[in-house]
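Here's the structure we're looking at; comments come further down.
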Amino acid sequence: MKKQNNLRSLAAQAVEQVVEQGQSLSNVLPPLQQKVADKDKALLQELCFGVLRTLSQLEWLINKLMSRPMTGKQRTVHYLIMVGFYQLLYTRVPPHAALAETVEGAVSIKRPQLKGLINGVLRQFQRQQETLLNEFATSDARFLHPGWLVKRLQNAYPTQWQRIIEANNQRPPMWLRVNRTHHTRDGWLGLLEDAGMKGYPHPDYPDAVRLETPAPVHALPGFAEGWVTVQDASAQGCAVFLAPQNGEHILDLCAAPGGKTTHILEVAPEADVLAVDIDEQRLSRVYDNLKRLGMKATVKQGDGRYPAQWCGEQQFDRILLDAPCSATGVIRRHPDIKWLRRDRDIAELAQLQAEILDTVWPRLKPGGTLVYATCSVLPEENRDQIKTFLQRTPDAALSETGTPDQPGQQNLPGGEEGDGFFYAKLIKK
């Protein structure tokens, strides 16, 4: 492999782009993975996800072991040292290989003169590891979350906040959705067993299966044929609450990448579905999902605040609004969220959600159902949002999910369960 494609330096560059430039890892990582051999792609992903999951610990260690921060053109070295710490702490990479490859990464980023510095810091960490980790265990950084988010979780969940944080810091389970138009869930579980894998059904979501051990999609029976889709169990709750029926006109708003659009069509293959998203690039994923599953829907680019631009005066029997949110319920899947979000974002998102709710509600037919969903765990985006919507919307009534005082159903992330998710089912009187 070429020297400039040193895995550790690529991981350092990816993390730097996320933390310093505010880019999402899902945008940064794929082009970098094209630069490495197939056998190394999984390790590159592990290093990027792992460093972002434990970023506050790695930052704390650097501050302890270095007298001044790396700045300017040397900044990538700061993240390269983090990659070194992460390997020594959390991976099975032999320490001598972790050190050698990380030090060599300095050459790839054209900072060969800093090889000695990197080597010295990593070796100092090895010598002081036990003392440093004992001290870290009592520091504020031990939660591996930004302080503002810890405070919000403490306020919202006085008895559960630590469990939420622990769940966010874990590796997520792999959940699948069995396409009921091809197989029953039990039938597909039998095929999975025949393929030498084991899965477990979810008690509440009838299409959801958790793999005992995550696996590449090409190993899953019938993935290419559309028999199964990768989708978290909690995300599958949207179609369960929406309960789409054949022949209905259904709006899936904020639809990309299309997991919920295709789930609606699996439940109601004869439904007339309009899938809308503001992000034209992400809409290509909706088309890809529809194509793999052999389904048809109308797909449009549009802003949820201006429905006249993409649906004229149409009204719908059912609307799924998977609202733009902080994504604080899916941190274990997307650890970069912790460092991309800011405290001020929450009020701005809540305002945007309220605007979309108010403008899309008139597009629901009388007697129709709207499911408001987010992958957030923050009440400002969830229960508080729906409570104030019900107060200002006299023809809206809550159904199945919670009470007027505590509207909606809040799933919290945890262990082998689904991600953090919120649903409120509303009926138009």
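Sequential numbering from 1, following the chain as shown.
Glycine is treated like the rest: Cβ placed from N, Cα and C.
The shown structure was predicted, so the numbers you read here are calculated from the model rather than taken from an experiment.
The active site, nucleophile annotation in Swiss-Prot covers Cys375 and is backed by sequence analysis. Under a cutoff of 8 A between CB atoms, and with a sequence separation of 6+ in the same chain, the neighbours of Cys375 (active site, nucleophile) are Ser234, Ala235, Cys325, Ala327, Thr328, Gly329, Val330, Asp419, Gly420, Phe421, Phe422.
Taken from Swiss-Prot, the feature S-adenosyl-L-methionine binding site applies to Cys254, Ala255, Ala256, Pro257, Gly258, Gly259, Lys260, Asp277, Asp303, Asp322, supported by sequence analysis. The secondary structure of Cys254 (S-adenosyl-L-methionine binding site), as reduced to three states from DSSP, is coil rather than helix or strand. In sequence order, Val276, Asp277, Ile278, Gly304, Leu321, Asp322, Ala323, Pro324 make up the list of same-chain residues 6 or more apart from Cys254 (S-adenosyl-L-methionine binding site) whose Cβ falls under 8 Å from its Cβ.
Per Swiss-Prot, compositional bias 'Polar residues' is recorded for 400-412. Residues 157, 160, 163-164, 167, 234, 237, 241, 329, 372, 377, 382-383, 386-387, 390, 418-425 of the same chain lie 6 or more positions beyond the ends of the compositional bias 'Polar residues' (400-412) yet place their CB under 8 Å from a CB of it.
The region 'Disordered' annotation in Swiss-Prot covers 397-419.
For the compositional bias 'Polar residues' (400-412), DSSP puts the residue distribution at 0 helix, 5 strand, 8 coil. Shown in sequence order, Ala235, Cys238, Ala239, Asp252, Leu320, Asp322 are the residues of the chain, 6+ apart in sequence, with a C-beta less than 8 angstroms from the C-beta of Lys260 (S-adenosyl-L-methionine binding site).
Around Ala256 (S-adenosyl-L-methionine binding site), the same-chain residues six or more apart in sequence whose CB sits under 8 Å from its CB are Asp277, Asp279, Arg282, Leu283, Arg285, Val286, listed in sequence order. Non-local contacts of Gly258 (S-adenosyl-L-methionine binding site) by the CB criterion (under 8 A, 6+ apart in sequence, same chain) comprise Ala275, Arg285, Val286, Tyr287, Asp288, Asn289, Leu290. Largest Cα-to-Cα span within the S-adenosyl-L-methionine-binding set Cys254, Ala255, Ala256, Pro257, Gly258, Gly259, Lys260, Asp277, Asp303, Asp322: 19 Å. DSSP assigns Lys260 (S-adenosyl-L-methionine binding site) to a helix in the three-state reduction.
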